[in-house]
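A.B. asks: Have a look at this one.
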Amino acid sequence: HPNTDGCSLLFLGFVASVQSITRGELFPFGPSARDQLLEAGNDLTRRLQLDKPVLFYDGTFDSIFINTNGFVATAEPTGESTYLGNMPPKFGMIAALQGDLDTSDGVGKVFFRQDSSPDVLFRAAQYINGAFPEDDEVNPTNAVVITWVDVATHEPPSRGDGIDKKRNTFQLVIASLETASYAIVLYARDGMQFSSTPIQGRSAVMHTGFSKGLVQGFLFSSPGPYYRTSTDDEASIRALAEETNSGHRGIWVYEIGTSPYFTNVAPGEVTDLPSEATPQAPTERDDEETDVLNQLAIPTTFSPCFSMFSVFSYKLGTCANNRNKCSQFADCKDHSSGYCCNCRPGFYGNGIQCVAEGKPQRMNGKVYGKVYVGDSASPVEFTSNDLHSYVVVNDGRSYVAISDIPNTIGPSLLPLSALGGVIGWAFALEQPGFRNGFSIIGGEFTRQAEVTFLPGNEKLTIRQEFKGIDEHDHLVVSTTLEGQVPEVPLGSTVKIGPYSEVYQYSNNLITSSSTRVYEVSLPDGSTATRTYQWRQTITFQSCQHGESLRDMKPTQMLSVDQVFVLYNPNNALIRFAMSNKIGDINGQPEENPCFTGRHGCDTNAVCRPGEGNQFTCECAAGFNGDGRTCYDIDECRENPQICGSHAICNNQPGTFRCECEDGYQFGNDGQTCVEVYRPVDACEEGTHNCDIPERAQCSYTGGSAYICSCLPGFIGDGRVCQDIDECQPGRCHQDAVCYNTQGSFTCQCRPGYNGDGFSCFPERTKTRCQNHRDSIQGATVSGPRGPRPPLGQFVPTCDENGGYKPTQCHGSTGYCWCVDRNGQEIHGTRIGPGSGPMCIEHGGVSPPVGPTTRPDVNPLPQGTHLLFAQSGRIDHIPLEGYDMKKDGAKAVLHLPEKVIIGVAYDCVEKMVYWTEITSPSISKASIQGGEPTAVIRSDLDSPEGIAIDHLGRTMFWTDSVRDHIEVASLDGSQRRVIIDSDLVNPRAIITDPPNGNLYWADWNRDAPKIETSYMDGSNRRVLVKDDLGLPNGLTYDSQSSLLCWADAGTHKMECTHPGQGDRRMVMEGLQYPFGITSFGKNIYYTDWRRDAVVAVDRHSGKESDEFQPQKRTKIYGIATAYAQCPSGQNYCAVNNGGCIHLCLATPNGRSCKCPSNAVAVGCVERDSGY
């Protein structure tokens, strides 16, 4: 082959880059691109879970929400009435072209997909790098493509079919790498027909831009930044298809998020448009060809050459910036308007892909689609069937095999030898002055063939996407078959005679058509001659530089003979073989063996023609020998350093391939191995810059990122934390002294008082039993093992209330007897050693119900505890740091025959609140001692979840029979239902008092969901609804702002930041979680199957401990009893927020509400609250 110029055809995109893009030049979209389709309608949303996260402003998002109204959100969008005409929204929004849009007429559609294919990523990189020419080159690793096609405005129903509606078509591509995300927005000149939409009776100009949404402040939320890229003038919308910031009309590029630091959205920097001068020797596509491409919706692929004026221009299109885009067997050449890749002597192709002359070529791929056979009502489906092909290039012989073909269709595919015919054309034996397909267009192109069988008129479409050469030097193809073929019975054979086909070559388009004849020999011995009409279109991209275009023949003829087709039903394999030559349409035969293929050269050799019938055989590049026999050269052995440092050389037939060692990857030049960036968990390795562990917590957030946050009791940015003096008035009991400590404080009762400092009680006089016991124990004598009571002396035992135990025993003699409440022996009850009397409790009275009737006896120890409910009791587990002190666990409250479901804790009054369903009620008791008190007994059916607002002094609960959420003051008064619709099985509920938010879960098996609202019930919205099963438990950690849940259906524990819409799994494999709470780095949950409380480290996602109570029954709700209240305030914390009745916090203030019995208490609500 001569030195082949990769710029053999005029680049199609030139005109588009100057005039504006058309919808045919958008990134590929629709069913052919394997897009998903958003449901038809108005204001519909679909959540897309991302394989790799998107960075937006300073946030990281693992999912996005695609909406009909021309935007993508980072959190579940609120209803359109909240943002249409009222921008910016409360949620994060990427507005490609936002307005009140509609697809319910069946014409408009919204397509979307994730895409990490090289074509899409390469094209995205060209746009980004072209828009930021002064920045370092970026290479995205993943993309999301969203296309709004023919969307119309949303209008009230009217008569007519809507044919005359104006429609818009536009596209958003979010391209990301680990440290940044970019938005590429494409506006087609033929897809911008309106610039405003009707909203509430008026016309509102559409919006484009980037809004962060609400940003959480210390006390309230406020609108975050909104980078608007259009104005309220309709001309700014019309200009989107006419202007640019990327150098290409109608294409706009923005940097929308970076990590670890972010300042603001950055627009592309190239606002000048290229000259509209015509390039040298332009060849315009005629209207017919343009129509064909538009009808086929052929996706744009990439040119091997780049112009300073083309839509693919890249840093002025010079070899200095793009040398690594060429094949390793090509040279880069600069032209006046760009650069070009040319295969070196001994190789051929388009410069982007070059292969050695004479070397056999292989092709691998997959087959997909649905084909009906004859009159069958159900199709045969192809689901990733393997396709393999092999071509002996120096004689043009090609072989194709497709596997897993069922016998219901195998024989009927035998006439379609052209399934593999395209590779025969690509590597056909070339006649003098003619060139096969690969030498012209390389290995990236799309082939679509329409087959019509006669006389039955069955139609089959064959679509093949050729994706270039892979790392094994094999051509890669994806084939899709759709349609119908006439039936050929099993056991038949098919014979196809020689045929020829004329190929017409023009700009980026190759067409051919022919009629094929084949003969079917049926199992009964009869034969039938059949025909089909064949029409194919091959589309590709080339560049407009170079001179080889002038030498290319406008028509060439492919001659095919020695066609062999066979179907083997035993191994479900179909095979095709044929010989292919490309030459003159007049068919003048060439006698030289190099052109007939009958030369006897090695399959790895090139046949060089001489005078007359003379020729020589020359081994292909990478082989040694005389041409008749060729041997592979082992380049790796001959030059061990050929791949450079940190690389491994792999020898392959005719060539070699370099691979980087473990821990290394190819750099931007595609050749040098550089060390792989490995994420570092600085928290685990101790290389973070957070304050010391006694004051701050380091939280790993993925990659090499982490967050520093001060521990409770400290304030600061996490890198520097200062102690908070918690000794404010009212922290401790009035009869106690407060001592501030690092990160905490202690309360100590004054002399003469007993208690833990939060509750102090005057010291009490000893009981008769205690005096009796202490007087004897005080009269000690010395012994070898220390002081002890006098030998033989009886020491009485006292019960927990200080009274005499009914049974008393002498420690020395072993005798036991019964006593009355005054400690006097009851006559006739004394029994000798070895057995004990059956003594009756004094007065036959059962012990009191409650923590204790003596508040100064066994108060709950100081510190943070877990409270959890079992049937008939509430237990506690002390926490030491984040670890459970299991040996200190015990019952706090005995409630016989009660089924307790929910547990909550009021950190102000040290009260535990619980719900129970046997006699539906809500009750409370002090954990320091005292009797349980019923707070609410009426108008309850099945109270389950319960939560406390310790600042506003209110409690919230769910009722799963009444299907509502209710609030009341902590004393049970001021009751009000705040949510009473669209609930089926509400259970878990939690509060975020400082931010005025309420969260709850509904485990409705048909549609489980997690919702939120303000504490007054307003601004209700769904946070999570996908991939849920039985979300039983919820918890909110104010330090990390994480909302976490345990799901007994999916058996997962997951978390989200409610304001960001992200979602990550903490742990999977849970058995049957019920309740959940959190403290610091740990999440604690109760499990019905394990009858246990389980601790999970949410940073590592691993279980760290388990506690199983002695009483093995189902464990229900669980709550954290804090040693001190979490920091934070809300508007209801002081003077009831100025409200007379209910004060309910919101993020930016509070609502004053009347209780349900408003008339009885003389309460009237007004817009301002009262």
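Here, residue 1 is simply the first one shown, and the rest follow in order.
The backbone N, Cα and C atoms fix where each Cβ goes, glycine too.
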A.B. asks: From the candidates Cys809, Cys818, select the one that TrEMBL records as forming a disulfide bond with Cys816.
C.D. replies: Cys809
A.B. asks: Give me the non-local Cβ neighbours of Cys809 (disulfide bond): same chain, 6+ apart in sequence, Cβ-Cβ under 8 Å, ordered along the sequence.
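C.D. replies: Cys809 (disulfide bond) has long-range Cβ partners Thr797, Tyr815, Cys816, Trp817, Gly836.
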A.B. asks: Taking residues 6+ outside the repeat 'LDL-receptor class B' (953-995), which of them lie with a CB under 8 Å of any CB in it?
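C.D. replies: Counting only partners 6 or more residues beyond its ends, the repeat 'LDL-receptor class B' (953-995) has Cβ contacts under 8 Å with 216, 219-221, 902, 904, 906, 908-909, 911, 913, 915, 922, 924, 935-936, 939-947, 1001-1007, 1013, 1015-1017, 1020, 1031-1036, 1038, 1045, 1075-1076, 1126-1130, 1132, 1136, 1141-1145, 1147, 1153-1157.
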A.B. asks: Quick test of the contact rule: Cβ under 8 Å, at least six residues beyond the ends. What residues does that give for the domain 'EGF-like' (590-631)?
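C.D. replies: For the domain 'EGF-like' (590-631), the far contacts come to 329, 346-347, 356-360, 392, 394-397, 429-432, 579, 581, 583, 653-655.
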A.B. asks: CB neighbours of Cys816 (disulfide bond) within 10 A?
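C.D. replies: Cys816 (disulfide bond) is surrounded by 19 other Cβ atoms within 10 Å.
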A.B. asks: For the repeat 'LDL-receptor class B' (996-1040), what are the same-chain contacts with Cβ under 8 Å, counting residues 6+ beyond its ends?
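C.D. replies: Contacts of the repeat 'LDL-receptor class B' (996-1040) (Cβ under 8 Å, skipping residues fewer than 6 from its ends): 47, 49, 76, 78, 220, 697, 699, 707, 709, 712, 945, 947, 949, 952, 954, 956, 958, 965, 967, 978-979, 983-990, 1046-1051, 1056, 1058, 1063, 1073-1078, 1080, 1083, 1085-1086, 1118, 1126-1128, 1130-1131, 1144-1151, 1153.
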A.B. asks: Summarise the repeat 'LDL-receptor class B' (910-952) by DSSP state, stating how many residues are helix, strand and coil.
C.D. replies: 0 helix, 23 strand, 20 coil
A.B. asks: In the domain 'EGF-like' (590-631), how many residues does DSSP call helix, how many strand, and how many coil?
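C.D. replies: Taking each residue of the domain 'EGF-like' (590-631) in turn, the totals are 4 helix, 15 strand, 23 coil.
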